[in-house]
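As recorded in TrEMBL:
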type	residues	note
ACT_SITE	214	active site
ACT_SITE	308	active site, proton acceptor
BINDING	304, 723, 760	ATP binding site
BINDING	306	Mg(2+) 1 binding site
BINDING	329, 461, 763	substrate binding site
BINDING	330, 489	Mg(2+) 2 binding site
DOMAIN	169-218	domain 'Phosphoribosylformylglycinamidine synthase linker'
DOMAIN	288-410	domain 'PurM-like N-terminal'
DOMAIN	421-575	domain 'PurM-like C-terminal'
DOMAIN	664-764	domain 'PurM-like N-terminal'
DOMAIN	805-952	domain 'PurM-like C-terminal'
C-alpha cells in the first residue's frame with residue numbers, strides 16, 4: 001500500500017517547526033490532497049504539500065542552507081493523540097482506508113547536538129540530516145515508523161526458581177524489575193514447590209505487580225520495630241496524653257502492626273464513633289478506588305489524590321498527563337462524575353545551575369514546564385476544572401519531583417455497584433493495549449538511579465484525554481442504566497490488577513488473544529501487565545452485555561469481552577491455547593509475607609538561626625524582608641500556572657484559585673444547581689517541617705488543610721481528609737522512623753479535629769542514587785487534602801479586603817517557633833547568629849486542645865455573616881498574609897503588632913511578623929459587627945489589630961515605630977515578579 005508525506009510549514013515565521021504527517025493505507029492522491037487541504041493545514045497562515053514517500057528526493061530547502069534539519073516523532077507504541085485526531089478527521093471526511101498515521105515535527109538547528117533539548121529519548125526518536133539531503137535515510141526511517149518490526153511469535157516462558165539459591169532468587173527479581181525482596185521470593189518459591197512446577201513469566205509478573213509497594217502498600221501494612229533513641233522533649237511530655245496519645249506512645253520503644261490500621265484507619269473509626277451528626281457521613285473509606293461521603297440525602301461526593309512521581313521525573317509531560325487521567329479513572333471507578341481536579345507540585349529550584357545536576361536528571365525548569373503542561377492538557381481537554389493546589393520548590397526535589405493529582409466526583413447515592421458475580425463477563429473498554437507502561441507498578445516501587453531511564457523506559461506513557469472523555473460518557477450512562485455489577489480502572493498493573501482485584505473473592509478466566517492491541521508483537525505477559533492508559537474493566541451480567549456493547553459502539557468507545565468471572569477461586573489467563581497464568585487467588589492476595597522494618601528515631605537538632613540584634617527592626621529592613629518573602633518561589637503568585645488551567649468549566653466553581661491578584665485559601669464548588677449546599681477543597685503541605693520532626697509536620701498539614709476550608713466558609717465538623725505520603729527508602733531505619741511519626745501525627749490530628757480519613761496513598765522510595773552510590777532522598781513530604789461541607793455557598797468568604805475602615809482581627813496565638821520558617825531564606829547572613837535558644841527555632845506545634853474549638857467558633861461567625869474577608873496565616877506569617885489580602889482587594893492595611901495575641905516569650909517584631917505558628921487567621925469585620933464577632937470568639941485567642949485603609953500596608957512595631965510601610969504597587973510587583981514555571 002502507498003505511503004505519503006504531508007509537509008505543513010508556516011507562511012510567515014521560518015523559526016516555527018514544520019508539521020509532518022505520514023499517511024499509510026489504501027489511499028490515492030485525491031484523498032491525500034483533500035486531507036491536506038481540508039484537514040491538515042490552515043491556508044491563512046500555513047502552506048502545505050504532499051508526496052509519495054517513495055518519490056522523496058533530496059530537494060533543497062529554501063532559506064536553510066548550511067543548517068541541519070531534525071525530525072522528531074513518537075516512538076512506535078507511544079500514544080500519538082494528534083495522529084488519532086487525523087484518523088478521526090479523515091473518517092468524518094468520508095475517507096476510508098487510512099491504516100496508520102504518524103505525526104512529526106521538523107526543526108532547524110545550527111549544528112549537530114543542538115537538538116538534544118528538543119525531545120525526550122524515552123518516548124521520542126529523531127533523525128538529523130543536513131538541509132538538502134537525507135532522502136534515503138528519511139525513507140527508511142519513515143518505513144520503520146509506519147511498520148515497526150514485530151517481535152517473535154507469542155510464547156510463554158518458564159522461570160526456574162524452585163531449586164534456585166537465595167542469590168539466584170534476588171538476581172531473578174532484579175533482572176526482571178520485579179522489586180521483590182528475598183522473603184517474598186522465598187514465599188513464591190515455596191508456593192511453586194507445593195504446586196510441583198516452575199512459574200510462568202506471566203505469573204511472576206502478576207505476583208510482582210500485586211505485591212508491589214505501589215499496589216499492596218506493604219510498608220504501611222508491615223510490622224514496625226520502632227526505637228526512640230532520644231530523650232523525650234520536655235515540652236512534648238507536658239502535653240496531655242489523652243489529646244496527643246500517639247506522640248506519647250512514640251516517646252518509648254514500640255512495635256506497630258500496620259501503620260495504616262494503627263493510625264489512619266483507627267483514626268477514622270474513632271472519629272466516626274464520636275461524631276454526633278450523620279450529615280456529611282462517610283460512605284466508603286479505604287475500600288473503594290476513592291473515598292466517598294454523603295453530600296445530601298440524594299447525592300454523594302468522592303475524592304481521591306494520587307501521585308505520579310517517578311514517571312514525571314523521566315518524562316514530565318507524560319507523567320503528569322497520565323497522572324491526571326489515572327486519578328480521574330479512580331473516581332469513575334466509584335461510578336461518579338468527575339467535577340473538579342486538584343494538583344500539588346514539588347520541583348527543584350528553577351534557577352539551579354546546570355552544573356549541579358546529576359547525569360540523567362532533567363533540569364527543574366524542564367520538569368516544571370512539562371508537568372504543568374501535562375496537567376493542563378488532560379484536565380482542560382476533559383472539561384474538568386482544576387480548582388485547588390500548591391507549588392513548592394526545594395533542592396530535595398531536583399531528581400525526584402512530586403506530582404500529586406486529585407479528582408472530586410459526584411454521584412447519586414448508592415449508585416455504585418460493587419458485587420462481582422460468577423458468570424459476569426469481563427469487559428475492557430476505552431483505549432487499546434500497548435507496551436507503554438509495562439513495569440509501572442514495580443518501577444514506582446523502587447528508587448530512581450542514573451540508569452533508570454534506560455532500564456524502564458517502557459514505563460513512560462502519554463495520555464489520550466479525548467478517549468477518556470468518551471469513556472467517561474459511556475460509564476455514566478451505563479451506571480444510570482445499571483449495565484454493570486462492578487467496575488475498576490486499569491491502573492498500575494493494567495489488566496492484571498483490575499481483573500485480579502475484582503475477581504479476588506471468586507475467580508476469573510481471561511483470553512488475552514481477544515484484547516485489542518495498538519500494534520502486533522506483544523508477548524502475552526506484556527498484554528496482561530501493560531499499563532496503557534484510558535482503559536477500564538467492567539463486570540457485566542450476561543443479560544446486559546448486548547446493551548453495554550451497543551452503548552459503547554454508539555459513543556465510539558471500543559469494548560471487548562476478554563473473559564468471565566468464575567467461582568473457582570483461581571486466576572486463569574490464556575493466550576489462545578497457551579496457559580499464561582494459573583494462580584490461586586488466596587495466594588495472590590494473601591500469600592505475601594508481612595514485611596518487618598526497623599525504625600530508629602534520632603531526633604533532629606534545632607536549627608541554629610537567630611537575629612543578633614534585639615529583634616526590633618527598622619522600617620527599611622522589615623519592608624525589604626516582606627518584599628523578599630513575597631517574591632520567594634514558595635510564596636509568590638502562581639498565576640502563570642493557574643491561568644493555564646480552566647477553573648470555570650462545568651459552572652460549579654464559586655470560590656476560585658485566584659482572588660483578584662491574590663491567592664485563594666480553598667476552592668468552593670456548588671455541585672448541584674438546585675442546592676445552595678457547597679463543598680470546599682483545600683490542602684496542607686510543609687516539607688520544611690518534615691526535616692525537623694514529621695510528627696509535627698503532620699499536625700501542621702492537617703491544621704493547614706482544615707483552616708484553608710474554614711477560611712472560605714466550610715464547617716470543620718463536617719470535613720473529611722485524605723493523606724498522601726511521599727518518602728524516601730523505608731528500609732532505612734531513620735527514614736522509616738520519620739514515616740511512623742508522620743502517621744502517628746495524622747491520628748492525633750484527625751481525632752482531635754473530628755475529621756476522618758477517607759482515602760490515602762503512599763509513594764515511597766523517592767530517592768536518587770548516582771553512579772557512585774550516593775543517595776539523595778526527598779524531604780519527608782505529606783500532603784493532606786480536605787473536603788468539607790459549606791452549608792450555604794452564599795455565605796462563602798474570600799481573602800480580598802472589602803471596605804475601608806473595616807476592622808481587622810488576628811485570630812489565634814503567635815508563638816516563638818521559627819523552625820522551618822521562610823524568614824531564614826531571606827535574612828542576610830550578617831543577621832544570623834551562631835547560637836539561639838531552642839524555643840525560637842523549634843518546629844511550630846499545633847495546640848490540639850484549643851485549635852479545633854477556635855476553628856469551630858470562627859466558622860460560626862462566618863456562617864452568621866459577621867466576616868467580610870478571611871485568610872489563613874501560613875508561609876511568611878502575618879506579614880505575608882496581610883500583604884496578600886491587600887493586593888487581592890486592592891486596599892491597604894494599618895496594623896499594630898503591639899495588639900497581636902502572643903505567647904509571653906514573643907518580644908520582637910520579626911517573630912510577630914513572620915512566625916508561621918499554625919491555627920491563625922486574619923479576618924475583616926464591619927465595625928457594626930465587631931461586638932458580635934468578639935462574643936462568638938470569646939474564650940479563644942483573638943484581637944483587633946488594625947483597620948482596612950485606602951492604600952499602602954503600614955505596620956507598627958512593638959516600640960511604636962513604623963516597621964513596614966509599602967505601597968500596593970511594590971507589594972504586587974514583588975508578588976508577581978518571581979519565576980514559577
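Glycine is treated like the rest: Cβ placed from N, Cα and C.
The model shown is predicted, which means the values in this text are computed figures rather than measured ones.
Sequence features annotated in TrEMBL and their locations in the structure.
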| residue | record | Cβ neighbours (10 Å) |
| --- | --- | --- |
| 214 | active site | 26 |
| 304 | ATP binding site | 31 |
| 306 | Mg(2+) 1 binding site | 24 |
| 308 | active site, proton acceptor | 28 |
| 329 | substrate binding site | 28 |
| 330 | Mg(2+) 2 binding site | 27 |
| 489 | Mg(2+) 2 binding site | 25 |
| 723 | ATP binding site | 26 |
| 760 | ATP binding site | 25 |
| 763 | substrate binding site | 24 |
Seminar exercise, completed: Students should find that the Cβ of residue 461 (substrate binding site) has, within 10 Å, a number of other Cβ atoms equal to 29
Problem set entry | Distance check against residue 760 (ATP binding site) for the recorded positions 214, 308, 329, 330, 489, keeping those with Cα within 10 Å | none
For this session: Enumerate the residues of the same chain, 304, 723, 760 excluded, that satisfy the criterion Cβ within 8 A of the mean position of the Cβ atoms of the recorded ATP site; list them in sequence order.
Result: 291, 305, 722, 724, 757, 758, 759, 761, 785
For this session: Would you mind reading off the Cα separation of the residue listed as 'active site' from residue 763 (substrate binding site), to the nearest angstrom?
Result: 7
Problem set entry | Integer Å distance between the CA atoms belonging to residue 329 (substrate binding site) and residue 306 (Mg(2+) 1 binding site) | 11
Seminar exercise, completed: Whole-Å Cα distance, residue 330 (Mg(2+) 2 binding site) to residue 304 (ATP binding site), is 7
Problem set entry | 10 Å Cα neighbourhood of residue 308 (active site, proton acceptor): matching binding-site residues from 329, 461, 489, 723 | none
Problem set entry | Cα-nearest neighbour of residue 723 (ATP binding site) within the listed binding-site residues, 461, 489, 763 | 763
For this session: Just give me the nearest neighbour of residue 489 (Mg(2+) 2 binding site) among the binding-site residues 304, 329, 461, 763, Cα to Cα.
Result: 329
Seminar exercise, completed: Using DSSP three-state counts, the residues of the domain 'Phosphoribosylformylglycinamidine synthase linker' (169-218) come to 35 helix, 1 strand, 14 coil
Problem set entry | Separation of alpha carbons, residue 304 (ATP binding site) and residue 329 (substrate binding site) (Å) | 10
For this session: Grab the substrate binding residues from the record (329, 461, 763) and give me their largest CA-CA distance in Å.
Result: 19
Exercise. If you measure residue 304 (ATP binding site) to residue 461 (substrate binding site) at Cα, how many Å is it?
Worked result: 21
